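Visitor: In case it helps, TrEMBL gives these features for our protein:
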COMPBIAS  A:1-17  compositional bias 'Polar residues'
REGION    A:1-34  region 'Disordered'
TRANSMEM  A:175-196  transmembrane segment
TRANSMEM  A:208-226  transmembrane segment
TRANSMEM  A:255-272  transmembrane segment
TRANSMEM  A:284-306  transmembrane segment
TRANSMEM  A:377-399  transmembrane segment
TRANSMEM  A:406-430  transmembrane segment
TRANSMEM  A:436-456  transmembrane segment
TRANSMEM  A:468-498  transmembrane segment
DOMAIN    A:526-649  domain 'STAS'
2 protein chains.
Amino acid sequence: MRGNSVSAENDISSDISSKPRHVGNDNSSHGHKVEVPRRNNLLRDFSATTKELFFHDDPLYEFKDQPKRKKLLLGIQSFFPIVGWARDYNLFKFRGDLIAGLTIASLCIPQDIGYAKLANVEPQYGLYTSFVPPLIYAAMGSSRDLAIGPVAVVSLLLGDMLKNEIDPKKHPHEYLRLAFTATFFAGITEAGLGVLRLGFIIEFLSHAAVVGFMAGAAITIALQQLKGLLGVTKFTTNSDIVNVMDSVWSNVLHGWNWQTVVIGFAFLAFLLTTKLIASRNKKLFWVAAIAPMIAVIVSTFCVYITRADKKGVNIVRHIEKGINPSSVHQIYWSGPYLAKGAKIGITAGMVGLTEAVAIGRTFATLKDYPIDGNKEMLALGVMNIVGSLTSCIVATGSFSRSAVNYMAGCSTAVSNIVMSMVVLLTLYVITPLFKYTPNAVIAAIIISAVLGLIDFKAAYHIWKVDKLDFIVLLGAFFGVIFKSVEIGLLVAVVLSLAKILLQVTRPRVALLGNLQGTNIYRNVEQYPNARKVPGVLILRVDSAIYFSNANYIKERILRWLRDEKDLNEKQGLPNIEHVIIEMSPVINIDTTGVQNLEELHKVLTKRDIQLEIANPGPVVIEKLKAAKFTDRIGHEHIFLTAGDAVAQCAPRAIENA
Amino acid sequence: MRGNSVSAENDISSDISSKPRHVGNDNSSHGHKVEVPRRNNLLRDFSATTKELFFHDDPLYEFKDQPKRKKLLLGIQSFFPIVGWARDYNLFKFRGDLIAGLTIASLCIPQDIGYAKLANVEPQYGLYTSFVPPLIYAAMGSSRDLAIGPVAVVSLLLGDMLKNEIDPKKHPHEYLRLAFTATFFAGITEAGLGVLRLGFIIEFLSHAAVVGFMAGAAITIALQQLKGLLGVTKFTTNSDIVNVMDSVWSNVLHGWNWQTVVIGFAFLAFLLTTKLIASRNKKLFWVAAIAPMIAVIVSTFCVYITRADKKGVNIVRHIEKGINPSSVHQIYWSGPYLAKGAKIGITAGMVGLTEAVAIGRTFATLKDYPIDGNKEMLALGVMNIVGSLTSCIVATGSFSRSAVNYMAGCSTAVSNIVMSMVVLLTLYVITPLFKYTPNAVIAAIIISAVLGLIDFKAAYHIWKVDKLDFIVLLGAFFGVIFKSVEIGLLVAVVLSLAKILLQVTRPRVALLGNLQGTNIYRNVEQYPNARKVPGVLILRVDSAIYFSNANYIKERILRWLRDEKDLNEKQGLPNIEHVIIEMSPVINIDTTGVQNLEELHKVLTKRDIQLEIANPGPVVIEKLKAAKFTDRIGHEHIFLTAGDAVAQCAPRAIENA
């Protein structure tokens, strides 16, 4: 029984048959036929594709129908969002920003010292990176919650890759120059991607890959901190877990310094306790936020009183006083290190970008404000370019500090300005006081910070939802902890792409059945009640048909045919005389796809089976027509719906149902 | 007016509501609801994926329900198809094979000499390659039409890559050893892909890329032959068009040898004329097939009589007599050349494989016999491994000779055996006679052969059907002619993959409208008559939702919403209160996709717009359920069809329609 046939008789619109560009069977639903969209010319086609690829966010939308003056203002505003929100700024907002800024400053200062160590540079460079870049970002960035500065993973990646080129202990000056060169190119990369609107490139790192990569990097960083935490002097420079654990155990008897161990673990316990408190009660987030600063103050005081540094407790010893010196003349503008710096910078810049954009988007969704990926990249890029000229290493958005910033009630990027000012003050006034800060406490602060990067909840969620994604996660994770951060990153990207290609190569070809009493056809695996139509094989191809899967799809269809034939013979059912391919999900088809469809048609014709096509989409029908496949198969074998096709091929089967 | 509603009342099956795993709205079509497929356990999921990836052709199908003896026979037969078809072999078939074998032998002998030159080895190695490999293939291959031997493109690729490692003029012995090493690894690669069932890897080279690559290689080869055709002595060893044309013109006044030019162009004209005759009248294909042999005989005789070789006409001079010597001890089994040979062999093997499989499939489709890609690869691999041990270079299926084989009426691989025997005879008896064959004629034969690789018709077809494919074609083509064969190949693979990734990154999100008088919703761009439903935005996502496009899809949906809102405000239509996402084409969704869907839901909820999901597929609904998205959006907002969703959201809009 056909649901649609009842109303069909009343409804056949008389005007439709006069339209020219129709393809398909005349008996289609209510006189509707498969339509072939008017073919665009090549230029329009090309410009449409380009628009979707590069300008999908319609960046000029706001400029439409505006007076010239307004357009100019909007133009300035689009590069400097600060111009937009500064006019609405008020004391109430400033109160939130001030508290948030002070909180993240107290969190960032000890972290900066630690992250500078991860990058194998002196502590002041970490602080420099929390002074200049946040100011640039505040003017140019569109996120209201991002806290800018050096971050653990990027600093580790930078340190790891720089170390492979220059030994930071033997040639500290050249190492530093290469670090600034890399930072410069990180900025160029980020700004370049933004200006060229190639931001979509970072989408190729999947969420699962990022979760695995971050967890691996966190463990790697935490393990490296064992050096500081245990006071071990001879320690591997490799970052993989095997070498690090080997260093820890081979020093277990004579290499550890018990005073350091006591200080380190005491403060680690303190920091983790404050974190636990904060996670139990969200209102107490500030306890965890100021704990690192307290740990630094208390431990520095203790060491100063007891002079524990004379008993083998390592201390920071020296931080240069004063603000960022210029580093314009330090960057390698030529020579072999230019290319090496560029390579390192591109990698570090991309990772920094991925992190900042992900964090920015998360908070933008929470507060529902728009964030423009490409403009964001430009802001981050300019910030790192300026940073590289003022003695900074690569800066980006920090996940932990951004979260604190958000919870402390920041409302604009002014919190970054406040933080920057506090860092300025620190650089001018307080740095000498850090002299007695024990390295073990810095190590404890880094460990407690990076543990937050291990997202068990996300990993469990991924495991539950998508096993293949979980494999990508594990690949990135193990790549980082057993080899290195770069290898882990490479594994993450390759696995992410391989996952897409795998799905494109082996798409599903589903067997459809009729839902009783309707004209609807659905996958019999999903709908066990859906009934097959005798003599007709109805298949749905669940993917675009491309060169990479066209042959598989053809063979899979022939396999379905063979299996159904075997089944029919066993059950004494009639032979299959029609194969209906429902093409709704086929978004696109390429020349190889059309060719395989033609081959399928030939093979079926030889076997006296008629091929029918149901519901081809606009692109598909256009290409089938261009390739003259529609002529070869015959327009009467192209239907608007699978139901129409069945009604035509097996009218009796339907009536008996 | 809803077409389905009429029959709905009679049909609501009472038993359906008792089924447990249903999700979705109770008012769905005729009581049918979206069903969640029973979740497979991980192992079964994994084995199903593995099966589709590696054993999609169900290789053990024939063995099912067979007695043990028969299974053994089938097992032997599956490795040596000759056991299968030899039993039905008869004199009638042999007649066809004999004629075909003799024809392709007359074609292959002069070609072999030329292709050996492309690979920078002495002429006899080309003939060796037409003796041993065809015999192995005849026993193991499943194609009945493939003519085996050295082919132009693979020989050129091999010569190009080998030359980069060892100079063939300075170190001919080492060069030859590396050539055998590469051939060995080409065989290992091909057999390995077959055994590991990784044959799908070669699918990643798209048809368009192959057409462009082949055309580029043909032009490169033809240009290189100008050296022989013009009798130029000082000639570039590079294969790119700029260097070659430079060599030709810089020698135009003093470097050309007029006797050579006359011989060369006379026979080239002869060969092209026979080709023209054959293309005009398919029955005269043999004219073109034996023309090269006639050209060799006539020209050799002429040179011998006139002693034109003393006047500067280059001749073949010497071909070693006798059959293939062993080359087991020549292969580099260790040392630095092992890895280099392996690298070259892998590339050459893959290209050879692509060509042979494509040709094999074409003819198998023409005659409708099954061909097993993975077994075919094993056969080709074993053939090249044995070949490398018996002084052969890489062999594969030749397109031109296979076509002749087919047209001459071959019925089994026996034609390859016949050809092989003729080559054997040539090696023993006739080789000394080739001494006076002018190189210009060999050049003319190669040029006339490779011109057939330029497939204008296919290129025009690709241009008409798919512009993006045409860009891939051009990329491969220009890569080959302006840089080198390897670069062209790389460009072809990268562009092919980029095309897939581009389509996955920017999928279409289509706006749907109702086809008047039906319950069917279609893309308004394809069906201009489809009418939008007031207050409801119906969108269809035409792709799997993955990390690479999830954010784009979310933003694209929000952009549709914004545009429709603007339009509604202008036209005074009601605000949009529901967004229906029709998910039929969404084959799969990953964790990033679910996350973006959740973000979309949050944003829409903030704007007082209800999100509705229509027709999620089995994988999608399973993952949405696992991620608890179904709970969050509410089961009553998941519908079997877009029509059901509209009926629920805007019952009045439907009634008024």
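Cβ atoms are placed via backbone N, Cα and C, with glycine included.
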Visitor: The transmembrane segment (A:436-456): which same-chain residues, six or more beyond its ends, come within Cβ distance under 8 Å?
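Guide: Contacts with the transmembrane segment (A:436-456): 110-111, 113-115, 117-118, 152-153, 211, 214-215, 217-219, 221-222, 225-229, 231, 260-261, 263-265, 267-268, 271-272, 275, 292, 295-296, 299-300, 303-304, 308-309, 313-316, 399-400.
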Visitor: The transmembrane segment (A:377-399) vs the transmembrane segment (A:175-196): three or more C-beta pairs under 8 Å (separation of 6 or more)?
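Guide: Yes, these stretches are in contact.
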Visitor: With Cβ-Cβ distances below 8 Å as the criterion, list the same-chain residues six or more beyond the ends of the transmembrane segment (A:255-272) that contact it, or say none.
Guide: 228-234, 288, 291-292, 295, 298-299, 302-303, 308, 311-314, 438-441, 443-445, 447-448, 451
Visitor: When secondary structure is assigned with DSSP, how many helix, strand and coil residues does the domain 'STAS' (A:526-649) contain?
Guide: 63 helix, 21 strand, 40 coil
Visitor: Who are the chain neighbours of the transmembrane segment (A:208-226) in space, where the CB to CB distance is under 8 Å and they lie at least 6 residues beyond its ends?
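Guide: Residues 118, 152-153, 156-157, 232, 239-241, 244-245, 248, 354, 358, 443-444, 446-447, 450-455, 458-459, 462, 466, 469-470, 472-481, 485, 488-489, 492-493, 495-496 contact the transmembrane segment (A:208-226) from elsewhere in the chain.
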Visitor: Which sequence-distant residues neighbour the transmembrane segment (A:175-196)? Criterion: at least 6 residues beyond either end, Cβ under 8 Å.
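Guide: Cβ under 8 Å, 6 or more out: 54, 119-121, 125, 158, 161-162, 165-168, 202, 327, 330-332, 337-338, 340-342, 344-346, 348-350, 352-353, 374-389, 391-394.
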Visitor: On the 0 to 100 scale, where does the mean pLDDT of the domain 'STAS' (A:526-649) fall?
Guide: 89
